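> This structure is in structure tokens; I'll ask about it shortly.
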Amino acid sequence: MAARAQAWLFAAALVIFHGSEYVLAAAFHGRRNVTATSLLISKQYVLAMSFAMLEHLTEALLFPELKEYWFVSYVGLVMVIIGEVIRKLAVVTAGRSFTHVIRIHYEDQHKLITHGVYRLMRHPGYSGFLIWAVGTQVMLCNPLSTVAFTLVLWRFFSKRIPYEEFFLRQFFGREYEEYAQKVHSGLPFIE
């Protein structure tokens, strides 16, 4: 797979991921409740993706042989697809209970979701995003960004999950405790 094809697949993955996040947020929460932040694009995210493209372009120009490992690119593409599917299954399964912002106050529509993909992991949205994001870098054959994305995202989720679960335990009590004991978080080394 040529460097140009890798870059086009990367662009397509970004458009599909963010476009579908926005569409699903609008479908479950109404268009009035959806803002540009529903696209999940922050300054840090733009910086990370810009670094990834800079790495890809620099390596394609200076070390083009790094971009010729087609089997690595295909593994990355499979990761992108798997991550996207897991993430979207999480969103669709949770429906209105899935939000991009951690809720710190209980609301009547809150439900503990333990069926579907949530039977397999407590945080399929995070797991899917991690697989998707790292997959984009594997697909680009970006060694630096692959390692950086893995470490930064793991660190981010290792802090976000306990914070979110503090509130889930407040909202759902014993029911959440039992669920958490039976079902893994979905991310390695994060209980």
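Each Cβ is built from the backbone N, Cα and C atoms, and glycine gets one as well.
Annotation comment: Swiss-Prot describes His110, Lys111, Leu112, Ile113, Tyr118, His123, Pro124, Gly125, Tyr126, Glu164 as S-adenosyl-L-methionine binding site. Per Swiss-Prot, the feature substrate binding site maps to Arg160; the stated evidence is similarity to another entry. Taken from Swiss-Prot, the feature transmembrane segment applies to 8-28, 45-65, 66-86, 129-149, supported by sequence analysis.
Help me understand the surroundings of these features in the structure.
Pro124 (S-adenosyl-L-methionine binding site) is surrounded by 26 other CB atoms, counting those within 10 A of its CB over all protein chains shown.
Sequence-distant neighbours of Arg160 (substrate binding site) (same chain, 6+ residues apart, CB-CB distance under 8 A): Ile102, Tyr126. Taken residue by residue with DSSP, Arg160 (substrate binding site) is part of a helix.
Away from its own ends, the transmembrane segment (66-86) comes close to residues 1-3, 6, 9, 13, 16-17, 20, 56, 59-60, 117, 124, 127-141, 143 of its chain (Cβ-Cβ under 8 Å, at least six residues beyond either end).
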> Near Leu112 (S-adenosyl-L-methionine binding site), which residues of its own chain have a C-beta under 8 A away, given they sit six or more steps off in sequence?
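Same-chain residues close to Leu112 (S-adenosyl-L-methionine binding site) (Cβ under 8 Å, separated by 6 or more) are Leu168, Phe171, Phe172, Glu175, Tyr176, Tyr179.
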> Mind checking which residues of the chain, 6+ beyond the ends of the transmembrane segment (45-65), have their Cβ under 8 Å from one of its Cβ atoms?
3, 6-7, 10, 14, 136-137, 140-142, 144-145, 148-149, 152
